[in-house]
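> The structure under discussion is supplied below as structure tokens; questions concerning it will follow.
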Amino acid sequence: MAIKVVLAEDEALTREALTELLQLADGIEVVAHTGRGDRVLELVDAHRAGLAVLDVHMPGMNGIEVAEQLNRERSGFPVVILTCDARPGHLQRALKAGVRGVLTKDTSIDELIGVIREVYAGGRHFTPDLVAEMFAVGENPLTAREVEILKAAEDGRPLSVIASQLHLSPGTVRNHIHSAINKLEAGNRIGAVQAASRAGWL
């Protein structure tokens, strides 16, 4: 019986090419594909898929958030993550979300096919360089609230706007930002956002 795969990738050309190439593999059937992360669970259910291949960066929900959702709703559901900018924080979050495979987008189609089969059979596959970098960088020191605030600060919006958006007082937002700056040894808010983003923690 074929492995039923849902593929989520926001770039149409890449998504369609991957779909065609995966369909050529014995025992793999792409039952649905989408450019939005927030459609994955619905497609998994509708097509009774057995595995999802997810891009990290997508509108609606990113690949890690989708993996977290699948892990909550379908514990143990096999997920393979594809990323163009392998960051240790992505791997940390993916592991916590129950993801069993993480590959960079310079992976060959043959390797992706092999990893899909391996993960579907209960195995795991993580890029060795990414694992080494994750251990070198260490655990994410930021709290969930600090991550939420730094994400809101990515586009440089004023502190008062962030506070209003997150239903917090400006003083609370300021305290969390200062805490994040200290933890990341950044000079200012922009530096903290950049450091956390580089590590894949946002």
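Using the three backbone atoms N, Cα and C, a Cβ is placed for every residue, glycine included.
Summarising the annotation, TrEMBL assigns domain 'Response regulatory' to 4-120. The domain 'HTH luxR-type' annotation in TrEMBL covers 135-200. According to TrEMBL, the 4-aspartylphosphate annotation covers Asp55.
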> Per-residue pLDDT averaged over the domain 'Response regulatory' (4-120) comes to what?
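The answer is 92, the mean pLDDT of the model over that range.
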> For Asp55 (4-aspartylphosphate), write down the residues of its own chain that are at least 6 apart in sequence and whose Cβ falls under 8 Å from its Cβ; none is a fine answer.
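When sequence neighbours closer than 6 are ignored, Asp55 (4-aspartylphosphate) has Ala8, Glu9, Asp10, Glu11, Gly63, Ile81, Leu82, Thr83 within Cβ distance under 8 Å.
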> Hey, does DSSP put the residue listed as '4-aspartylphosphate' in a helix, a strand, or just coil?
strand
